[in-house]
Amino acid sequence: MAENGTLVTEFVLLGFQLSAELQTGLFFVFLLLYLITLGGNLGVTALIQSDPRFQTPMYFFLGHLSFLDICYSSVIVPQLLETLRTGKRTITFERCATQFFFFTLCASAECFLLAVMAYDRCVAVCNALLYASAMTPQTRLGLVAGAYGGAAVNSVVRTGCAFSLSFCKSNHVDFFFCDLPPLLKLACSETRPRERVIYLLAFLVIATSVSVILISYLFIIRAILKIRSAGGKAKTFSTCASHITAVALFFGTLIFIYLKGNMGKSLGEDKIVSVFYTVVIPMLNPLIYSLRNKEVKEALKRALSRMKVSQADPRTVARQTPLSVGFLRQEDWSGLLFPPPGDLPDPGIEPMSPSLAGIMFQNFKFSAVIL
């Protein structure tokens, strides 16, 4: 219901209420960040799929994290870019509910997946000899399926609770996408029962994921402390540094948004923080996992070198090919033990005529038949 008592069929996303010049500048900034997000995460996914060295549990989970980051950002940013470019702020009730559903699905799945990745690191560090038998392909699929399944249940319940409310105060959403806090401000029906369910689910998702992560890292720290050499400790901890950074960024912003509720913070603060975890963090994740990972950097260098070779002129490649790789060039023959073909002495053998060669071939066939 809107202010005049009619049923709400669309919402108006107020977004960033700035001047036209600033909105144009924001459009190009968000477009650049979105393209970097797509390029980085698609690049990580392609690298994992193409390189046999990355067919391990850790990179299997990292590939799913990149997939979620692409989906996570794509649910929000195209709508934001359309608003900034055209000024069109309306969104239908159904599209708003769909956006909220997939946003909640991706956010919840990423929470669970980060917990799964912490458990994977715990098994790799604490039980290195049993790691391959513990993290079988079936186990990996089961963990990822559990993450997506739990996220789907959470998303269905939260979306049902949020969009079964009556909206009669206004249809103007003071946000740049359909998120929960601004939508609850528009409800005219009693929101506390549903709000309790919504925030309880958010607390369970975050608390469960954070608990698994903390327990996993307690075991990891205990295992690291048992290592005698300082170099071994640093090398073991470095395998977890990227994951710790991603966890701190992602869960820090989620806790700020959802677990504080509506107490003591404005929607302006929510907008800034939401831009960070819907636009910036999906862009940073591939950089975090690639710049701090020696294997990824080396694989990226190999992929770039292969691309350069495939795009180069074959004659240029032939001239630059080292002696150990391919055939020798004419100018390189002079340094060998044997002279080049042009300098070989004439053996004095005249080439055989075609008729003589035919007679010899017939005699050879006749001898073969007798034998």
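In case you wondered, yes, glycine gets a Cβ from its N, Cα and C as well.
TrEMBL labels come from automatic prediction, so no person has curated them.
Note that the structure is a prediction, hence the values are computed from the model and not measured.
Feature annotations, courtesy of TrEMBL:
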TRANSMEM  26-48  transmembrane segment
DOMAIN    40-289  domain 'G-protein coupled receptors family 1 profile'
TRANSMEM  60-80  transmembrane segment
TRANSMEM  100-119  transmembrane segment
TRANSMEM  197-225  transmembrane segment
TRANSMEM  237-259  transmembrane segment
TRANSMEM  271-291  transmembrane segment
Where among 26-48, 100-119, 237-259, 271-291 do we find the most Cβ pairs under 8 Å to the transmembrane segment (197-225)? 100-119
Using a Cβ-Cβ cut-off of under 8 Å, list the residues of the same chain that are 6+ residues beyond the ends of the transmembrane segment (271-291) and lie near it. 16, 30, 33-34, 36-37, 40-41, 43-44, 62, 65-66, 69-70, 72-73, 76-77, 103, 175-177, 179, 242, 245-246, 249-250, 253-254, 256-257, 297, 300
In terms of Cβ proximity under 8 Å, which residues at least six beyond the ends of the transmembrane segment (26-48) contact it? 16, 18, 54, 59-60, 62-63, 66-67, 69-70, 73, 77-78, 80-81, 84-85, 279-280, 282-283, 285-287, 289-290, 296, 299-300, 303
